[in-house]
Each structure stands twice: as structure tokens, then as C-alpha cells.
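Novice: Just dropping this structure here.
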Amino acid sequence: TLQNVTIPPSENCTSPDFCWTEGNVTWTLKNITETEYISKCQHLFANSDLPDLAIGLILLALSLLVLCSCLVMIVKLLNSVLKGQVASVIKKTINTDFPFPFTWLAGYLAMLAGAGMTFVVQSSSVFTSAITPLVGIGVISIERSYPLTLGANIGTTTTAILAALASPGSTLKYSLQIALCHFFFNVSGIILFYPIPYTRLPIRMCKTLGNITAQYRWFAIFYLLVCFFLLPLFVFALSLAGWPVLLGVCLPLFALFIAVIVINVMQKRKPHSLPEKLQNWDFLPLWMHSLEPWDNVIMSSLAFCGKHCCGFCKCCKVNAEQEGAKDKKTMEVYENTMAMADEERGGRRAPAVACVDKTGTNNTAL
């Protein structure tokens with residue numbers, strides 16, 4: 001607001017028309033900014049004296065708790081509802097393929113369905129979390145859930161596009177650019193990893209990780225910590241040291257990782273093409289090519305918790321699995337065909353009598 005303000009007589013007035021003197025006081029016109037608080041902000045921590053960092057951590061913990069609770073309830077609800085004839089009907093409907101030569105069309109229609117459902121719920125996390133238990137109970141096959149997930153990645157880009165369209169005209173161009181970057185990035189991923197069946201590596205990777213996690217439950221937590229925390233933190237720390245250090249450390253590790261993958265593939269398909277020593281990983285220490293020693297260490301470290309670790313310890317679950325085996329067969333009329341196929345190929349793994357007695361090992365080099 002423009003107000004009359006007194007100034008010292010010694011201050012130079014830029015415009016004599018807006019300055020005047022009354023007695024010993026010199027006046028001028030100046031714009032004065034005033035803040036008037038109409039009402040107090042109403043939120044959970046309005047009357048709290050906690051710093052912003054503490055409030056942020058509390059809200060982060062609460063949001064994660066609510067998110068995990070909702071996802072767990074979604075999984076429990078789907079597991080309880082989709083049983084019996086309902087599961088059979090859904091399985092026949094979703095997993096049905098078109099007759100030849102239009103078999104390939106079913107996957108792309110599944111992409112459209114995944115994109116549409118994600119657009120409706122405005123969250124790819126909710127959609128993928130909903131189809132995950134359906135895959136677990138055998139209602140949806142992994143091959144059909146893959147295009148559904150790819151479609152969800154396309155549907156989640158609509159949120160950014162709608163937000164960009166709501167931007168003011170001065171920033172609309174740049175908002176659309178970044179939103180379309182998000183869209184074409186996900187489309188490029190589909191082009192790379194779906195049209196050609198041989199390039200559908202995520203299907204084979206998820207089956208491998210799923211089989212390992214089914215045998216070693218702690219591997220899921222280890223995988224999350226490494227891929228989402230330790231590995232990014234490691235690369236970030238190297239990047240702070242400069243590009244020479246980053247390339248000097250990461251390139252040899254990446255080359256070693258590629259070499260291990262190539263040797264593993266050749267061991268399964270053409271073992272005789274490799275030197276005799278590389279036809280298997282037995283020349284390495286056991287802890288470098290098998291998760292069995294790590295499993296023994298982790299399970300023995302959890303033994304002190306007794307009944308409190310029954311949700312994680314496989315020893316505590318043996319009796320419960322044996323008692324519920326008959327009930328499971330009588331109550332459920334559907335079958336997980338993917339799990340049955342894996343069991344037929346690899347042999348059914350008998351439950352261990354003790355934590356140290358196990359059948360089968362993971363012979364993949366870490």
C-alpha cells in the first residue's frame with residue numbers, strides 16, 4: 001500500500017514532488033508491504049513446537065504405515081474373495097488367447113486394459129499390487145501379468161500429462177515436454193522388452209528371483225536393500241569422487257557381472273563349449289555360488305527370537321504347513337499352474353526337519 005512515511009532530513013529525495021516538510025519532519029510517499037493473518041493454518045501439527053524435520057519424519061512414517069496397511073488389506077481381501085468358481089472364471093477369461101494367427105493380439109489388449117485401469121485408479125502401484133496376489137494364487141499367469149504391468153506404466157503417465165495441461169500458458173510448453181518425456185520413456189521400454197518374445201527378460205528374471213525368494217525368505221529384504229538403497233548410494237558416492245573414479249570402479253564390476261551372466265547361460269545350454277573348470281562353479285568357495293551358507297547364518301541369528309520370528313523362520317512354519325496342507329487342497333478348487341510346472345521340473349522340495357537340513361541348493365554365482 002502507498003503510505004506517508006517520515007524520512008530523515010539528510011536523506012536524498014529522488015523526486016521533490018513527493019517530498020514535503022512539516023516543521024522539523026520530512027515526509028514522502030512509499031509503498032509499504034503489510035502482512036495480515038486472516039486465520040491460523042489448521043493442520044495436525046498447527047499447535048506443535050516440533051521442528052519441520054521431526055514433523056516430516058512423523059508424516060513419512062505414518063504415510064508408509066497407511067500405505068503398507070492398505071496394500072496388505074488389498075492382498076488379504078483378494079485372497080479371500082477370489083476362490084472357488086470365481087477364480088476359475090477369472091482365470092479362463094484373463095488368460096485366454098486368441099486363435100492363431102492372432103495369438104499375439106491378446107498381450108496388447110492386456111496392455112490397453114492395464115493402462116485403462118491405471119488411468120481410472122490414478123496409481124500404477126495400486127494396480128500392480130492388486131494383480132500380484134492374483135498371480136500368487138494362480139488366477140493370472142505371469143505371462144499375462146507382464147503386459148498388464150507394462151500397460152500400467154503407460155497409464156500412470158496420464159497423471160503427469162493432465163497436470164501439464166493444467167499449467168498456465170507461459171509454462172505449458174515445458175510442462176508438456178517433461179510429461180511427454182515420461183510417456184515416451186515408458187513406451188521405449190515396452191518396445192525394447194515386449195514385441196520380440198526373446199527380449200522379454202523380466203519374465204525370466206522374475207521367475208528366478210521368485211524361486212530364490214520362495215526358498216530363502218530373507219532374500220526379498222536383501223534384494224530391496226541392495227537394489228534400492230545400497231547400490232544407488234554406492235554409485236552416488238563414487239560419482240561425488242569424479243567421473244574417473246566412477247568409471248574406474250563401475251566398469252570392471254559391470255564387465256564381471258556380464259561375464260558371470262554369459263557363463264551361467266552357457267553352463268545351462270552349452271556346457272561343453274566352456275573349459276572344464278568353468279562348466280560349474282564348484283571351484284569357488286561355497287558361499288560365493290550358493291545361498292545355503294548365508295541362509296544358515298541368517299536363520300541361526302534369528303533363532304534367539306523364538307516364537308517372535310515365526311513369521312520369518314522356516315522352521316516355525318513346517319508344522320503349520322503340514323497341518324494346513326490337507327485343508328488347502330480341499331478348500332481351493334484352483335491351481336497355480338506356474339508353481340506346479342516348476343515343481344514338476346525341479347522336483348518337489350520336502351520340508352526340512354531342522355533349519356540345517358535342506359534339500360536343494362542355489363548354484364548361481366553371486
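From the backbone N, Cα and C atoms, a Cβ is placed for every residue, glycine too.
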Novice: Which one of these stretches, 150-168, 283-301, shows up in TrEMBL as transmembrane segment?
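Specialist: It is 150-168 that TrEMBL describes as transmembrane segment.
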Novice: Go through 53-78, 98-120, 150-168, 245-266 and flag the stretch with the largest number of C-beta pairs under 8 Å relative to the transmembrane segment (126-143).
Specialist: 53-78
Novice: What same-chain residues lie close to the transmembrane segment (53-78): Cβ under 8 Å, and 6 or more beyond its ends?
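Specialist: For the transmembrane segment (53-78), the far contacts come to 45, 126, 129-130, 132-134.
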